[in-house]
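Colleague: The feature compositional bias 'Basic and acidic residues' is assigned by TrEMBL to 11-22. The annotation region 'Disordered' is assigned in TrEMBL to 1-25. If you look up TrEMBL, you'll see 152-185 marked as repeat 'TPR'.
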Amino acid sequence: AEEQQEVPLETNRKTDDPEIKEKVKKKKPKLLNKFDKTIKAELDAAEKLRKRGKIEEALSAFQELVRKYPQSPRARYGKAQCEDDLAEKRRSNEVLRGAIETYQEVASLPDVPTDLLKLTLKRRSDRQQFLGHMRGSLITLQKLVQLFPDDMSLKNDLGVGYLLIGDNHNAQKVYEEVLNVTPNDGFAKVHYGFILKAQNKIAESIPYLKEGIESGDPGTDDGRFYFHLGDAMQRVGNKEAYKWYELGHKRGHFASVWQRSLYNVHGLKAQPWWTPKETGYTELVKSLERNWKLIRDEGLAVMD
């Protein structure tokens with residue numbers, strides 16, 4: 001099997017706040033068209049196998065359904081999901097590429113329910129990003145926005161797609177469109193603030209980053225935004241910077257207020273000053289202390 005390198009995706013904050021839970025709660029998607037309702041029992045039987053983890057059996061069942069009912073969107077979607085699951089199980093990029101192609105086949109069928117079409121193309125885009133196919137993912141996201149222009153969450157995803165290929169200009173235009181329609185969209189705010197800061201518009205970026213994080217919207221509780229908000233505040237002399245570093249630490253993004261790297265080794269910490277005992281290398285430190293003049297002289301000799 002080929003190795004897979006996962007592309008970091010946006011992080012959603014888990015919350016016990018009932019208001020936020022209500023905000024992100026979604027209706028159960030409708031996945032069956034009129035024809036698929038007539039073969040629901042067969043579809044459910046195949047799906048039951050998939051949910052039980054019997055992926056190979058489920059794939060065979062969905063393949064047979066696709067053979068019998070080639071115009072069934074739900075059957076083909078089930079096949080794509082099984083291929084997706086199998087790719088993860090076998091850690092195979094080749095199988096995953098097959099799943100991506102099958103997702104596209106689903107979207108190309110006639111009479112695909114709206115919810116199923118969205119799920120299909122969103123998952124296709126996600127798997128393309130996973131494989132590092134950023135431009136292919138962007139094309140899929142553009143298609144989604146064309147099909148559902150009033151869905152701001154899809155535009156937010158499109159903005160991320162542009163950022164992933166380094167196209168901050170188009171990402172900025174997308175987030176401006178979103179904020180014109182939904183000015184309190186926290187996801188759009190943090191990303192817009194991130195873009196402004198990258199343009200060295202430090203003071204302008206701060207309210208967007210701050211209000212975006214404070215919104216608690218899914219995708220806003222990300223270490224990168226705490227880092228850039230704190231950094232922007234420091235650059236303009238705002239002493240609130242360390243409040244945000246502290247909050248980022250409390251929410252698990254930073255090892256400490258002082259060690260704000262986003263990728264950390266467990267147990268590794270940072271602090272301004274260390275005693276020899278705290279380093280865990282007491283004897284080595286004492287040896288350096290005893291021989292500091294010799295080390296200095298050797299260094300100076302090399303410079304000369």
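Even glycines carry a Cβ here, placed using N, Cα and C.
Bear in mind that TrEMBL entries carry predicted annotations, made automatically and left uncurated.
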Colleague: Can you name the far-off residues of the same chain, 6+ from the ends of the repeat 'TPR' (152-185), with a Cβ under 8 Å from a Cβ of it?
Modeller: 7, 10, 118, 122, 125, 129, 134-135, 137-138, 141-142, 144-145, 191-192, 195, 198-199, 215, 217, 219
Colleague: Counting each residue once, how many in the repeat 'TPR' (152-185) are helix, strand and coil under DSSP?
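Modeller: Per DSSP, the residues of the repeat 'TPR' (152-185) fall into 27 helix, 0 strand, 7 coil.
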Colleague: To what whole number does the mean pLDDT across the repeat 'TPR' (152-185) round?
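Modeller: A mean pLDDT of 98 is what the predicted model shows over the repeat 'TPR' (152-185).
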